[in-house]
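Asks: Take this structure first; my questions come after.
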């Protein structure tokens, strides 16, 4: 009899996460997993707890109750440098007070590596994010969309390795300031990277149609609870969205992919 060994899937696992500020529950009993090689979108109305959940999943906040494990190890027990090489976070707002050039900002992502193979990493991620022409510009004078592209390049540089290992990339509204071309380019790039490497991407998105087009799974957060989780077809239906967003909307099918697309009624 042949012993068919099964390769374990690299996971980030959260179990019964709670997070309270004073007497208010911002996150309430959330359990989930994110596997390398998939793209996950977190959606939900304003105040649902999306950014707070992202900070819990990345170790920037410690839960009031519950645990979060990355590759089987509690996030709180990771060494900072090892964690920085395994997961990266692009926050919603990234203002700088000093006159750093774009290339210097992106190079900050290489801090955990001590200069190892920086040039190759920087050239690759700047090309991927359409930042080469911005390299010598002062980061502070860029448009909001240009700054988002630079921050994406920085976190990609942080996770770049010559021999890719399982890694997790978290992004908080990475397309909020981008024009249509760069929204499409960015999400195509992120999805492509999850197919080519053992990389997981988890991003908070407000645009439900972008989530439908590019995410493998969608997690709907409302009032601090994970109220729906599944494929775009499973989560993005009119009944569920109307219940939690309280908007007068409809759901149709994309003419090419047949994925759900959401529209507001007049």
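Cβ coordinates are placed from backbone N, Cα and C, and glycine is handled just like the others.
Relevant sequence annotations retrieved from Swiss-Prot are reproduced here:
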- 12-248: domain 'ABC transporter' (DOMAIN)
- 44, 45, 46, 47, 48, 49, 50, 51: ATP binding site (BINDING)
Asks: Taking each of the binding-site residues 46, 51 in turn and counting other Cβ atoms within 10 Å of its Cβ, which one has the fewest?
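Replies: So among 46, 51, the binding-site residues given, the one with the fewest Cβ atoms within 10 Å is 46.
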Asks: When you average the Cβ positions of 44, 45, 46, 47, 48, 49, 50, 51 for the ATP site, which other residues in that chain have a Cβ within 8 Å of that mean position?
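Replies: Other same-chain residues near the ATP site: 221, 222.
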Asks: Should residue 51 (ATP binding site) be counted as helix, strand, or coil on the basis of DSSP?
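Replies: It is helical.
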Asks: Please state whether DSSP places residue 44 (ATP binding site) in a helix, a strand or coil.
Replies: coil
Asks: Can you work out the mean pLDDT of the predicted model over the domain 'ABC transporter' (12-248)?
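Replies: Residues in the domain 'ABC transporter' (12-248) carry a mean pLDDT of 96 in this prediction.
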Asks: Long-range same-chain neighbours of residue 44 (ATP binding site), Cβ under 8 Å, sequence gap at least 6?
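Replies: Spatial neighbours, sequence-distant, of residue 44 (ATP binding site): 50, 220, 221, 222, 244.
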Asks: Of these binding-site residues, 45, 47, 49, which scores lowest on Cβ atoms within 10 Å?
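Replies: Comparing Cβ neighbours within 10 Å for the binding-site residues 45, 47, 49, 47 has the fewest.
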Asks: Under 8 Å Cβ-Cβ from residue 48 (ATP binding site), six or more apart in the same chain: what's there?
Replies: 221, 222, 223, 224
